[in-house]
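Report on the following structure.
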Amino acid sequence: MPRIAIVGGSGVYDFPAENKREETVKTPYGEVKITVGVVGDEEVAFLARHGKGHSIPPHKINYRANIWALYELGVERIIATSAVGSMNPEMKPGDFVILDQIIDFTVSRPRTFYDGEESPHERKFVAHVDFTEPYCPEIRKALITAARNLGLPYHPRGTYVCTEGPRFETAAEIRAYRILGGDVVGMTQCPEAILARELEMCYATVAIVTNYAAGMSGKKLTHSEVVELMQKKSEDIVKLILAAIPLIPKERRCGCKDALKGATG
């Protein structure tokens, strides 16, 4: 039973592991295909967020099915990757950012498992989970330590602005997000991080800066540019995650595991 899962974003459609097998997990929100393999002494699950070959746009991803499927497999910890545009001049293309905060500007995505009586499962209640610190401190610490030990260009914190997509942002939007305190911008952290918290799973993300955001460089933004840089950084992404996995404590002492306490009723 995998304790740890990797959710691969743009440019991360597979992960090296031994004895791989494909699992099809049925959830109340649909079926999900997950790869399970062995990394070191850990059984690890891998899920390609956008599907193989980037076939699903960010606003159409079945986030609820994905997170529920990992939960059903017994996953407690999730390491996600996310390609991002930088709004912070200090965060350059090729840098890694271990995210610590989110500003959510998505508008059309289902963002909770707890829809009361309308929930398609036995948890027919309403929950208001605490999201003060959206990312697991224990996984973040492991990622930061691994990045430092490997000598990778990294930033130990960063605020992610999540937009609806699939279009890139306007220059005016980026100026507004910078005023609000955003460092990087992307399209997938919400509701993914929220849903993981609702199921009391630990979740953290390593963001990879692929370009400067709209209006920052004067260049046209292209998805091919994102994929190209992610391919160049793929080896470092794998090294970072492989180095972080053994640093994640077996026993969870973070607040993620108790997210539903006080959230209902």
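From the backbone N, Cα and C atoms, a Cβ is placed for every residue, glycine too.
As annotated in Swiss-Prot, C190 shares a disulfide bond with C162, one of the listed residues C136, C162. For the phosphate site, Swiss-Prot records R49, H50, S82, A83, T188, and the single candidate of S10, S119 listed with them is S10.
Cα-Cα distance from S82 (phosphate binding site) to M187 (substrate binding site): 9 Å (rounded to the nearest whole number). When the Cα atoms are compared, N211 (substrate binding site) and R49 (phosphate binding site) turn out to be 20 Å apart. The secondary structure of A83 (phosphate binding site), as reduced to three states from DSSP, is extended strand.
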